[in-house]
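What follows is a set of notes on a single structure, which appears directly below.
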Amino acid sequence: MPELPEVEVVRAGLAPAVTGARVAAVEVLDARSLKRHEAASGDFETLLTGERIEAAVRRGKFLWLPLAGGGALVGHLGMSGQLLLRTPDHPGDDRHARIRLHLEHPEHGELRVDFVDQRIFGSMAIDRMAPTSDGRVAGFSADVTGPWARSIPSQVAHIARDPLDPAFDDDGFAAALARRATGIKRVLLDQGVVSGIGNIYADEALWAVRMHGEQPASSLSRRRARELLAAVREVLNRALAEGGTSFDAQYVNVNGASGYFAHSLNAYGRAGRPCPRCGTPIVREAFMNRSSHRCPRCQRLRAGVRSGASTGASTPVARVIPAATSPGSSAGGTPARG
Ligand SMILES: [Zn+2]
């Protein structure tokens, strides 16, 4: 499943081609790809045809195209979704093409965007926009000056900001960890706490800070929470930097199998191979119908951290429990799939 860096490659590739373009025609080849489109809001093709696309915006792994009419086209890539930028004369030979947008761009002329989705976990929808709850810019895009910039599609509003977002709340993140007794990896995958991190980059960030994925989030000191957040950002930024070099403007591609920036992974997918830090073979363990990869030597469960004991090598740091914490708020959030 694409994570933040993969979706950012798609966004960055689409943005120059679609920004300012008018939707000349819409072809829905498979109505199953409209499952998240609310029929009550109107017909997808009718709502979209004639609209002008203002930008390409991303929050975490969610992508949307604000429309001049005030709504947005939301693209859920799901497990296997791709948004492919085509020339208008490209042969329509992809049997997994579900939706096709014919665009007219004032500078680039006629273009086509094909939504290709083999497994149909992804979808497209026209959604209404609402102001962001914190009044800040909703997501990442090259230009944030438009009237749409501080609004977010209703389908994305429950998604937390991603750690690369300038408006991400570091203190709020640490406070959210302190309230959750569930394993830290589950919290990293909870899109209501922090978005954009999936299985792969969660394993990588946990390896980087020598942390076991089942370590209770509430047992982490503030210092360890900060270290983890810094590692998440480093892992995501590194993947973004690598993705930028493989980008091809004519073929915007996200592929769940081969599109990951796998050449620099330290733990994920490396079961049985030596930990790059200590040489101990990486182990693979069952995790939420998927797998976790970790070094059994570097990443051990730490007992007694909750009571203020040292987390191994790090200095004990008093954990600040927010006043808002109530006995009923210790349950973890709903982990998102991906
Ligand atoms: Zn190791």
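Each residue, glycine too, has its Cβ placed from N, Cα and C.
Automatic, uncurated: that is what TrEMBL annotation is.
Residues annotated as active site, schiff-base intermediate with DNA in TrEMBL: PRO2.
The domain 'Formamidopyrimidine-DNA glycosylase catalytic' annotation in TrEMBL covers 2-122.
Using a 10 Å radius centred on the Cβ of GLU3 (active site, proton donor) and all shown protein chains, the other Cβ atoms total 24. The active site, proton donor annotation in TrEMBL covers GLU3 (among others).
Residues annotated as active site, proton donor in TrEMBL: LYS61 (among others). If you draw a 10 Å sphere around the CB of LYS61 (active site, proton donor), it holds 26 other CB atoms from the protein chains shown.
For HIS96, ARG119, ARG180, the entry in TrEMBL reads DNA binding site. ARG180 (DNA binding site) counts 21 other C-beta atoms within 10 Å of its own C-beta, drawing on all protein chains shown.
Per TrEMBL, domain 'FPG-type' is recorded for 266-300. For the domain 'FPG-type' (266-300), DSSP puts the residue distribution at 0 helix, 14 strand, 21 coil.
If you look up TrEMBL, you'll see ARG290 (among others) marked as active site, proton donor. The Cβ of ARG290 (active site, proton donor) lies under 8 Å from the Cβ of ASN199, each of which sits 6+ residues away along the same chain.
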Query - Helix, strand and coil residues within the domain 'Formamidopyrimidine-DNA glycosylase catalytic' (2-122) as assigned by DSSP - result: 27 helix, 47 strand, 47 coil
Query raised in the report: Widest Cα span across the DNA binders HIS96, ARG119, ARG180, in Å?
Result: 41
Query raised in the report: Of all the binding-site residues here, HIS96, ARG119, which one's CB has the most other CB atoms within 10 A?
Result: HIS96
Requested in this report: Among the recorded positions PRO2, GLU3, ARG119, ARG180, report those whose Cα falls within 10 Å of that of LYS61 (active site, proton donor); none is a fine answer.
Outcome: PRO2, GLU3
